[in-house]
């Protein structure tokens with residue numbers, strides 16, 4: 001302990017270990033790790049500053065692993081060149097990530113040097129991790145059994161897997177963290193001369209942690225834990241052993257400890273493969289979950305996310321990507337674009353595998369895509385040098401306690417390396433912290449004297465790190481505040497929608513009921529004797545009803561005002577969110593939708609002194625619409641200029657009604673402008689469908705003006721705008737069905753995307769020439785038939801709604817030739833999916849299978865298809 005007074009950085013490090021897993025304000029931010037990243041950066045700043053002012057003459061020592069880690073940092077920095085070329089508006093976020101990597105590298109170097117001074121320091125740190133693991137394990141069990149959290153209180157349905165998130169935020173990362181603490185606990189148990197009370201606590205900790213790991217159902221952690229255990233045993237076997245080490249390994253004490261450890265692991269594993277209280281009567285089955293790793297659907301889904309990074313790396317239009325990658329942190333921006341291309345190449349494999357991937361779920365491939373060959377080579381060399389050092393340590397003459405520890409580090413490394421191939425735990429805190437400590441401690445001189453000595457003053461290094469970390473703290477603070485304001489805006493947006501539902505729907509129903517009752521009473525009372533007791537009684541009832549009516553009308557006004565206040569607050573908070581981080585596209589996405597709250601937005605527009613400020617986007621609410629995108633347009637579904645307005649039409653319109661409709665159209669354009677701007681940092685699948693529907697509404701409104709105006713100049717301009725926006729309507733619908741041609745096995749709302757596209761297109765007949773509409777419908781049906789066929793082969797693909805729609809269209813069209821064209825199109829477009837289900841029906845394979853629940857839909861589709869077959873003769 002005396003040494004701790006001298007080396008105060010150890011206390012700071014241990015405090016960081018104890019706080020980061022838990023230090024967060026509940027419901028303050030969108031992602032749990034955001035606050036933890038800020039806390040990590042702040043602690044790093046304190047540590048690096050301390051090292052500058054600490055009085056000592058010690059030189060920094062480092063390994064080749066540190067050098068390759070540093071090389072990865074520089075590769076992330078070089079990748080910013082690609083970001084500047086392809087999407088300069090995203091440069092701040094990528095710089096944020098790159099600087100954070102340098103902070104992590106700096107902390108790794110500090111851990112190696114600070115904890116390398118004294119083996120006891122390492123044990124203090126590992127015990128701190130174990131303590132956090134115990135708290136998280138208890139919290140995880142409370143999550144799972146009671147739907148309760150020590151820090152958040154009631155958190156939801158305990159039967160849902162996602163409920164087991166503790167203060168880390170995701171079951172996968174909870175299991176990753178706890179799985180790593182188990183070998184740490186085993187070290188202190190296997191360590192000779194450990195105290196009895198310490199061993200009792202550690203056995204309990206292993207029991208609780210492994211219980212939660214099994215509950216979390218993270219398959220790659222299961223695999224990593226199993227492989228790591230085997231790797232640990234092999235490491236013990238091949239390690240060089242002195243006489244004391246050999247005696248200990250064959251001692252009764254050692255084998256009693258091993259027996260108890262095996263008993264705990266085997267007992268819980270058995271309990272999780274039968275119906276017991278431990279797995280909530282069979283809610284989780286470990287073997288079933290583990291065997292699901294071989295599921296083809298699971299691998300196809302993961303494969304799709306991995307292929308995105310490969311496509312980004314080898315993008316022939318951007319050869320620089322092969323060297324320095326597409327830019328650190330860019331995967332979520334480009335993932336939908338590359339998935340669209342991958343699905344088109346192999347529809348049978350990938351149409352049903354689509355998921356809303358924001359990370360590659362394989363850190364090695366994501367490094368390849370984002371930082372190119374430089375990045376992946378540095379990570380590969382980092383792992384290779386780690387392994388070389390690991391085996392060198394096993395064959396060295398260090399104390400056997402350290403041999404046991406390094407062998408257990410091999411177990412932990414297996415968990416980290418395998419989990420990183422299917423998930424992204426190394427993007428999140430506190431998972432980064434524990435992995436960083438394990439790898440950095442293994443590089444210390446406590447295990448090997450092969451490190452190099454940095455010849456110049458380490459204070460220079462720490463001064464550079466302080467500057468870098470100061471910027472990182474600044475960025476992480478902005479990230480945190482941006483998410484905090486987003487959460488506030490989202491809460492107000494939810495309240496606004498709730499209030500609108502009350503005053504526009506619920507209260508009007510009550511008002512109608514009261515008015516009907518009052519009318520009935522007034523009609524009845526006309527024929528009554530005004531001096532009778534019945535008259536007075538009924539009049540009293542009518543008065544009471546009038547009071548009730550008045551109350552509800554006042555409530556309607558009150559809730560409308562509440563909705564208006566929430567609308568203004570939501571607007572303010574989303575804008576503040578973007579003030580802190582203009583790359584937080586989620587805020588842009590939600591802000592966009594506030595522009596369609598017409599009665600409130602129209603009032604704001606009408607109160608604007610100069611409407612040109614609205615049309616030109618000069619007011620504060622428009623400041624995050626990208627007016628001139630300077631990146632590569634082919635990487636995004638947008639084109640310059642993003643901003644659209646109705647200023648020209650407004651200036652030549654003559655009536656108040658025309659101007660009001662045009663202002664409503666401007667609100668739709670503003671929503672589109674924000675949604676398109678958001679694509680530069682937040683590629684949201686729902687934006688595509690939303691934009692297409694907005695263009696549909698715009699066309700209908702333009703048509704409304706065009707049909708009712710006598711202004712010939714305005715008519716000509718409107719007709720041009722209708723043609724232009726019909727092209728936009730087609731474009732965004734086509735993008736909707738090309739980015740996710742299938743995928744409704746996971747996103748059921750996407751099953752109607754083709755029907756919706758066809759339905760809206762048919763509704764534009766009379767505005768758009770029929771031949772254009774029909775040609776587009778033929779195109780839609782062809783794509784829908786293909787998508788449903790491939791989806792049917794994996795899950796379900798039943799275009800029943802579309803066939804019903806086409807029958808309605810067929811019956812409304814008198815032209816024989818057009819009817820014949822429709823019929824031929826239906827027969828050709830849906831032939832494959834029809835044959836698929838017809839074959840199933842004939843073989844009686846629909847009954848008693850997963851398709852039975854869709855039997856009526858399949859029958860309706862087959863009947864409607866055969867209706868067209870009969871027409872063709």
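Heads up, the Cβ atoms here are built off N, Cα and C, so glycines get one too.
A TrEMBL annotation is a machine prediction, not a hand-curated record.
The model shown is predicted, which means the values in this text are computed figures rather than measured ones.
Residue ranges 222-239, 276-293 are listed, and TrEMBL annotates 222-239 among them as transmembrane segment. As annotated in TrEMBL, coiled coil covers the listed stretch 535-562 rather than the other ranges in 507-534, 535-562, 563-590, 591-618. Of the listed segments 91-112, 311-332, TrEMBL assigns transmembrane segment to 91-112. Here TrEMBL gives transmembrane segment for one range in the set 12-30, 145-163: that range is 12-30. In TrEMBL, the feature transmembrane segment is placed on 372-391, out of the ranges 352-371, 372-391. The largest share of C-beta pairs under 8 angstroms with the transmembrane segment (460-477) comes from 91-112, of the ranges 12-30, 91-112, 124-142, 403-422. Counting only same-chain residues 6+ beyond the ends of the transmembrane segment (12-30), those with a CB under 8 A from a CB of the stretch are 36, 39-40, 43, 46-47, 50, 111, 114-115, 124-125, 128-129, 131-132, 135-136, 151-152, 167-168, 177, 429-430, 433, 437, 480, 483-484, 486-487, 586. Cβ atoms under 8 Å from those of the transmembrane segment (254-272) belong to residues 186, 189-190, 199, 203, 206-207, 210-211, 214, 248, 278-279, 284-286 of the same chain, restricted to positions at least 6 beyond its ends. Counted over residue pairs 6 or more apart, the CB atoms of the transmembrane segment (222-239) and the transmembrane segment (91-112) come under 8 Å in fewer than three pairs, which marks the two as apart. In this model, the coiled coil (535-562) carries an average pLDDT of 90. When Cβ-Cβ distances below 8 Å are used as the criterion, the transmembrane segment (65-85) is approached by residues 91, 94-95, 97-98, 101-102, 105, 108-109, 112, 318, 320-321, 324-328, 330, 367, 370-372, 374-375, 377-379, 381-382, 385-386, 389, 439, 443, 631-632 of the same chain, each at least six residues removed from its ends.
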